[in-house]
Amino acid sequence: MKNGKVIFPGTFDPFTLGHLDVLYRLADIFNKVYISVAVNLDKSPTFSIDERKNMIKKVIGDNDTIEIVTISGLVTEYMKQNDIKVLARGIRDSEDLYYELRMSRMNKLLYPEMDTIFLHTSEHYAYVSSSLIKEILKFNGPIDGLVPEILVEDIRSKFIKK
């Protein structure tokens, strides 16, 4: 039996196989997964909001369980407005866990009715990060096996020097 709704927020700059792994595992557990492409004022994304949303759409196609949304404010406010009580985060290592525990405590303070769940990333993707992918691309390195195959050229094209 599946559960209700969950939100999976992130910058997804770019969308990786680690993100996809967590997303599909959430879709196996929940009836509805909102993947939230965040507007993060503390980061300067390589890809625009629309590019990031389109990347995810290209990978998942039409999927009744997964809805791609954009949040420019607090995720807890979006959760309240849409009656979402669970926020999910992927955890690669203890550094992620430390950061995410602090964030979950703050989110709980802002929205006491919510809970945060943590999914360990599959060991194949424990080292994958959007930052690492961008660093590899700066030196024209291969990103196959790090991002969905259908996105490799789209992502690489952003880094080709003109």
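Using the three backbone atoms N, Cα and C, a Cβ is placed for every residue, glycine included.
For VAL75 (substrate binding site), the Cβ neighbour count at a 10 Å cut-off comes to 20, with all displayed protein chains included. In three-state terms derived from DSSP, VAL75 (substrate binding site) belongs to a helical segment. Per Swiss-Prot, the feature substrate binding site maps to THR11, LYS43, VAL75, ARG89; the stated evidence is sequence analysis.
In the three-state DSSP classification, SER130 (ATP binding site) falls within a helix. The annotation ATP binding site is assigned in Swiss-Prot to THR11, PHE12, HIS19, GLY90, ILE91, ARG92, GLU100, TYR125, ALA126, TYR127, VAL128, SER129, SER130, SER131 on the grounds of sequence analysis.
For the recorded site, HIS19 (ATP binding site), the DSSP three-state label reads helix. The feature site 'Transition state stabilizer' is assigned by Swiss-Prot to HIS19, with sequence analysis given as support.
LYS43 (substrate binding site) falls outside any helix or strand according to DSSP and counts as coil. Considering only the binding-site residues THR11, LYS43, VAL75, ARG89, the residues lying within 10 A of GLU100 (ATP binding site) on a C-alpha to C-alpha basis are ARG89.
Within 10 Å of the C-beta atom of LYS43 (substrate binding site) sit 12 other C-beta atoms, taking all shown protein chains into account.
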